[in-house]
Amino acid sequence: MWGLEVLLLLPMASFALYPEEILDTQWDLWKKTYRKQYNSKVDELSRRLIWEKNLKHISIHNLEASLGVHTYELAMNHLGDMTSEEVVQKMTGLKVPPSHSRSNDTLYIPDWESRAPDSVDYRKKGYVTPVKNQGQCGSCWAFSSVGALEGQLKKKTGKLLNLSPQNLVDCVSENDGCGGGYMTNAFQYVQKNRGIDSEDAYPYVGQDESCMYNPTGKAAKCRGYREIPEGNEKALKRAVARVGPISVAIDASLTSFQFYSKGVYYDENCNSDNLNHAVLAVGYGIQKGNKHWIIKNSWGENWGNKGYILMARNKNNACGIANLASFPKM
């Protein structure tokens, strides 16, 4: 046991022994890699202290992972100078309506008779567009919604097109644009509006603008939506297998999520009652004995595993992944 304790202290000791030589070089390299600039020396110092704290967390976690404590690894990325609280505040955006309740009219009834395949990956089927970056705009709900619509468009027409999250940010009056929103509100908008523009017709700018929807740029329509029974991962698995990519909501508030790199993500501190981020389930499978969901995020390809994360499946609805799952009808 003493050996483990000594090992766990090694990363902390290395930071204490080489505060200037090692950290200065790594800090400069990180700033150059991600083109970071700061308004003042004071601002840079405060950001560096956050970065150092995150780097220590990553180092210790990965040591524990090498000893079998965790099923996933972390890595420094472009969010290195942000706290987890700042990430949630600036880069998530899920807002569930206070009056939200499921109705029988929109409830998805799975086909329990036929067996779902052991694994599915819609990236390999051509249902998934490239990873996008929402930037510091609380528009995760728009990217999640667009991803589900893109999958259904591919399924129906055979064509994969980038649809416009900015169209949703600007035009879904029931949501709050970069201030946050909810996926079923987006699906309802597309249904009532009789369409959503393509990304080419209505490009993403990452801030709230006036609604500029143009029917000539319309690329997809929607006939409504269905919601997965709350907290039911088996129903979610059936939906992913039978329907396509599904919009889901998760708790993305932990530092472990912020710096996820590879492996199957499971953090017992992830709170299924604290849903703050919308993402897209594009498949599921198993890696080294660990069942997982394949999740597409909207924080760019520099985050996670080229923009994706494998999240634990069938582990008591980890991170609340099956609590607010839905998809559009097309």
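The backbone N, Cα and C atoms fix where each Cβ goes, glycine too.
Features of the protein shown, as given by Swiss-Prot:
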| type | residues | note |
| --- | --- | --- |
| ACT_SITE | CYS140 | active site |
| ACT_SITE | HIS277 | active site |
| ACT_SITE | ASN297 | active site |
| DISULFID | CYS137-CYS178 | disulfide bond |
| DISULFID | CYS171-CYS211 | disulfide bond |
| DISULFID | CYS270-CYS319 | disulfide bond |
| CARBOHYD | ASN104 | N-linked glycosylation site |
| SIGNAL | 1-16 | signal peptide |
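Listed in sequence order, ILE250, ASP251, ALA252, ASP267, CYS270, ASN271, SER272, MET311, ALA312 are the same-chain residues six or more apart from CYS319 (disulfide bond) with CB atoms under 8 A from its CB. When the C-alpha distances from CYS211 (disulfide bond) to the recorded positions CYS140, CYS178, ASN297 are tabulated, the minimum falls on CYS178. The sparsest Cβ neighbourhood within 10 Å, among the listed recorded positions (ASN104, ASN297), is found at ASN104. Of all the recorded positions listed (CYS137, CYS140, CYS171, CYS211, CYS270), CYS140 sits in the most crowded Cβ setting, with the most other Cβ atoms within 10 Å. Long-range Cβ proximity for HIS277 (active site), meaning a same-chain Cβ under 8 A and a gap of 6 or more residues, is found for VAL88, THR92, GLY93, LEU94, CYS140, ALA249, ILE250, ASP251, ALA252.
Under the three-state DSSP scheme, HIS277 (active site) falls in the strand class. Recorded residues CYS171 (disulfide bond) and CYS178 (disulfide bond) have their alpha carbons 12 Å apart, per Cα-Cα distance. Between the alpha carbons (Cα) of ASN104 (N-linked glycosylation site) and CYS178 (disulfide bond) lies a span of roughly 31 Å.
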